[in-house]
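Engineer: Sharing a structure below in C-alpha cells format, with a few things to ask.
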C-alpha cells in the first residue's frame, strides 16, 4: 500500500432509499406528484421533519412579528380616530325640514288646493239653473205671476213677454228683480201659474220641467 492511499480518510457509504410509489428518493417525496400516498407508505423523512420544523418556527416568528405590527398600527389608528371624534359636534337634523321635504309638503298643499277647486267647479257644473214661478196677490182680487230664470236657458225676456201677453191676453212686462238687482223678471197680470208651465213646455222644450218650481210660502215646490 502506498502513502497516498493510507493518508486518504475513508468516507461512509450513503444509502439512498427510493420510494416505491413515485420512484424519487424518499426525502424528496413531499415535492412529488403523489406526496400524500408517499407519506402513508414511507412515513415522514427525518430530514424533511427538521426542515419543516425550522420552516414552521420561522413562519411563526414572521407571523408573530406581522401580528404585532398590525396590532400596533390598529391601536394607533384607533387613537387617532378617537381624537378626531372628540373634535366633532353631534348635530341632530331630525327636527330640521330638508328642502326635499319642504318641496313635498308644498306640492301636497298645492294638490289639495287643486282638488278643492275641482270639487267647487264640479258642484257649479252640477247645479242646473232653475226657473221660479211665484203668484202674488195684489189688492183683493188682482194677482201678479212672476217668472224668474228664463234668461239662464238663453231665452230673450222681451220676446218671451210678448209670447205670454199674446197667449194670456193680458199685460206682461220685463222688470228689475227685487231679490237680485243684476237680473230681470217677467211680471204677468193675473194668476197663470199652471198655464205658464204648459206654455214653457210647448214653446221652450230646452227647459227641463224638473227645474221649474213654484214658490209657495217662501218654499220651492216642483211644478211637475
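Going from the start of the chain as shown, residues are counted 1 onward.
Here the Cβ of each residue, glycine as well, is placed from N, Cα and C on the backbone.
Found this in Swiss-Prot, in case it helps:
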REGION    35-124  region 'Disordered'
COMPBIAS  45-56  compositional bias 'Polar residues'
COMPBIAS  57-79  compositional bias 'Low complexity'
COMPBIAS  81-119  compositional bias 'Basic and acidic residues'
DOMAIN    131-204  domain 'SUI1'
Engineer: Within the domain 'SUI1' (131-204), how many residues are helix, strand or coil going by DSSP?
Structural biologist: 27 helix, 26 strand, 21 coil
Engineer: Summarise the model confidence on the domain 'SUI1' (131-204) as a single mean pLDDT, whole number.
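Structural biologist: Its mean pLDDT is 93.
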